[in-house]
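*Asks:* Okay, here's the structure, questions in a sec.
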Amino acid sequence: MSVPAFIDISEEDQAAELRAYLKSKGAEISEENSEGGLHIDLAQIIEACDVCLKEDDKDVESVMNSVVSLLLILEPDKQEALIESLCEKLVKFREGERPSLRLQLLSNLFHGMDKNTPVRYTVYCSLIKVAASCGAIQYIPTELDQVRKWISDWNLTTEKKHTLLRLLYEALVDCKKSDAASKVMVELLGSYTEDNASQARVDAHRCIVRALKDPNAFLFDHLLTLKPVKFLEGELIHDLLTIFVSAKLASYVKFYQNNKDFIDSLGLLHEQNMAKMRLLTFMGMAVENKEISFDTMQQELQIGADDVEAFVIDAVRTKMVYCKIDQTQRKVVVSHSTHRTFGKQQWQQLYDTLNAWKQNLNKVKNSLLSLSDT
């Protein structure tokens, strides 16, 4: 990628121009280049570039892009420390101020580097931090498939991989990207092994709470398969998750009565939990019964007769259940409901359905062939 330069001259003259510019803005830096070479010049320029970032004039972006362009022509072994220093400056400088400029500079640096250079990890983490600080996560690449590829390209250690995914998760949460955040957290927890799963207790705990709190999340069985979550078996948080995976509303009510302080400590709201568990209980009922009486719904969902219709309307809006109300016979007629868990039985049902479709299509095909022969 081509990165704009401050001025089209030799690297040494460019460094001298940068020194002179920074000096004119009040930086404590010599106007003479160092005898140690370009990487020493850049180290001193980066150290003094705070005065440049404080400027509001139109030259700032050109000046900083000149620093970036000089960084990119250095030998890889001389780049890392300087890039880390510049990234630290851009992340910490008056957090929240001039976010567009800081994002642009980091983006230029990131995309200008060789795709397999490990220090891109540092730049990407800095991009995430700046984007999160100003609610601009949508302006940087965060697609999970791409992030997986970068993790592989950069040959990250397990610790750095976990740091990156955790940082990305927190940024997505802060920027209200709950669906993307959940996928990243599942990726993070899925990267642990039997040997280090115990180290992920905090992440697993946070993942469960975040999922239960998410108003648009209703399916949780995939979390139970994650090794760090399995490590929590026997703890209250795991018991609570299990209730949301497959139990009914009555089980949650009993759990809450016995563990009210625990629920409150998680930051979960009881009424929101009740609303979600009513829907989950209804989903389970709808899978097993194509017709459900109002009386049964009132009993199982712990709602009044006047609340049944409003509840059904809200349930249909989630698209987890498709049904209609029969007021005359005081019942709900179900056309489809999403399974709360997807195990062997559900796979068999899916296989049977697809196989039936295949057989029906073959019959149609044979009928059409017989017609064409006549």
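Each residue's number is its place along the chain shown, starting with 1.
The backbone N, Cα and C atoms fix where each Cβ goes, and this holds for glycine too.
Owing to the predicted nature of the structure, the values given are computational and were not obtained by experimental measurement.
So Swiss-Prot says this about it:
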DOMAIN    180-339  domain 'PCI'
MOD_RES   Ser2  phosphoserine
MOD_RES   Ser2  N-acetylserine
MOD_RES   Ser152  phosphoserine
MOD_RES   Lys254  N6-acetyllysine
MOD_RES   Ser367  phosphoserine
*Asks:* Three states by DSSP: which one describes Ser367 (phosphoserine)?
*Replies:* helix
*Asks:* Could you tell me the mean pLDDT the prediction assigns to the domain 'PCI' (180-339)?
*Replies:* 94
*Asks:* So how many other Cβ atoms are close to Ser152 (phosphoserine), meaning within 10 Å of its Cβ?
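*Replies:* Cβ-Cβ neighbours of Ser152 (phosphoserine) within 10 Å number 11.
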*Asks:* Can you tell me how many other Cβ atoms are located within 10 Å of the Cβ belonging to Lys254 (N6-acetyllysine)?
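*Replies:* Taking every protein chain into account, the count is 12.
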*Asks:* Could you tell me the C-alpha distance between Ser152 (phosphoserine) and the residue listed as 'N6-acetyllysine' in angstrom, no decimals?
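*Replies:* Counting only the Cα atoms, the answer is 46 Å.
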*Asks:* CB neighbours of Ser367 (phosphoserine) within 10 A?
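*Replies:* Here the count is 10.
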*Asks:* Quick one: Cα separation, Ser367 (phosphoserine) versus the residue listed as 'N6-acetyllysine', in Å?
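*Replies:* Ser367 (phosphoserine) and the residue listed as 'N6-acetyllysine' have their Cα atoms 58 Å apart.
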